[in-house]
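I have placed the structure first, in the form of structure tokens, so that the comments after it can refer back to it.
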Amino acid sequence: ETLQRIVSTLVNKNDEIHNFIDMLNHTISNVQVNSSNAISELDEEFDGLYSVLHEMKGSMANTIQQEEARKIQALQDQLSQCSRALEGSEELLELAVQSLDIKNPVELLEAARQIKDSVTVASAFRLSLKPKVSDSMTHMMVDFALEKRMLQAVKFLPVPKAPEIEVAACLVADNCITISWRMPEEDSRIDHFVLEYRKTNFDGLPRIKGEQHWEVVDYIKDTQYTLSGLKFDTKYMNLRVQACNKAVAGEYSDPVTLETKAFVFSLDSTSSHLNLKVEDTYVEWDPTGGKGQEKIKGKENKNRSNTASPKRSTNSPRASARGGRDRFAGESYTVLGDTAVESGQHYWEVRAQKDCKSYSVGVTYRNPGKFDQLGKTNSSWCIHVNNWLQTTFSAKHNNKAKTLDIPVPDRIGVYCDFDGGQLSFYNASSKALLHTFRTKFTQPLLPGFMIWCGGLTVSTGLQVPSAVKTLLKSENGLGGSTSSLNNVAQ
């Protein structure tokens, strides 16, 4: 025995080393890929910077050229004005020189008056002899000294540290997981967080082999997030978080494993009534299902009682739950779940099609009779809805019924406390209590469903809702005064 334990320990250690080697090889491959990606991203950043600088250079050069053209145009306009003024001034000067040769005083006086009047309005005397613009272009110069120092100081962004998940603040309830984390030190460059999660049946650290891929929730701005609407079809959930700034993501936090308790089962198609079409968690009444098979049904049942289902071994827990019972027959349009309730508190929900004529939802002990109907034996409990002709809603057990004078909900929640001897039915939307059976369960229970003219969808992998727990506490505090059908007449 000691040697077996040693060998077993060695085998486990070998498996751990193999898994670790796989992880190291996987990490090496990721380092190579990520390094190549980092170089590509660096090239893109510098190419983008070159592009910005080139665009800025073109824009600024264009501005200088526009300023040059503006100044030259202003100076050329002023030059044209000066040329015209000089031309007029020279004409006046020539006229004045000619006037000096006039001998007649009267003619000289008249010529002098005309020259005076012409000089008074001459443009040369109104012309500014100062350039309108300067030849300086210093206002178009740039100094990149500061920018050069900034560029020379460019380094890789610091990698954010790994967040720390606060396990005590994490909450698993109502098929939701609320996870909280904090940064080991304040980092103002953090832009967002990335949360990854995956389902697992192992309570230890995540493994490389046989694990599901991580599901990703990106761009989380807060240090808390709630995953809602989950189906808990595994025992645990692995979660990890990483912090990201604008360009780089940090290391993942140490992963945490949270337990996700829930009751999971499928519908047992191998023993359902022939008039029922069963697919995992959906059952539909099929009026043609049994035709052409009635003659060989007895032979089928005889052979089936000694033949295991091809889908599941008879050694499996689910197979042992239903035993070797024949199919339901007659008017017992029933299908059972393939997993038994043997202890604990469990919850599942059922939704009926709107045009469904009749259906029952409940539980039964293992191996009911092939003609038994839910609620009509002392080993089954259910609530029954009949929409044929007129709607009736009742709770049934041991062939006794109690009318429920309440509206029929769209979805029915079933709560089973095996150890506490309680079976309760709820409006799954409002969590209002519909009915409670109280008894002492002496055998494992199988979920049971009866359907006629319609279909049912079963939702499993659900936790007991918080609202139901609160109602149960209140109900138990009041003494649990719910009705029993043990003494209620048909």
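Cβ atoms here come from the backbone N, Cα and C positions, even for glycine.
If you look up TrEMBL, you'll see 100-157 marked as domain 'COS'. Residues or ranges marked as domain 'Fibronectin type-III' in TrEMBL: 159-263. Positions annotated as domain 'B30.2/SPRY' by TrEMBL: 263-467. Residues or ranges marked as region 'Disordered' in TrEMBL: 287-326. Residues or ranges marked as compositional bias 'Basic and acidic residues' in TrEMBL: 292-303. The annotation compositional bias 'Polar residues' is assigned in TrEMBL to 304-318.
Counting residues of the domain 'Fibronectin type-III' (159-263) by DSSP class, helix then strand then coil, yields 3 helix, 46 strand, 56 coil. Residue counts for the domain 'COS' (100-157) under DSSP, helix first, then strand, then coil, are 30 helix, 0 strand, 28 coil. Averaged across the domain 'B30.2/SPRY' (263-467), pLDDT in this predicted model comes to 86.
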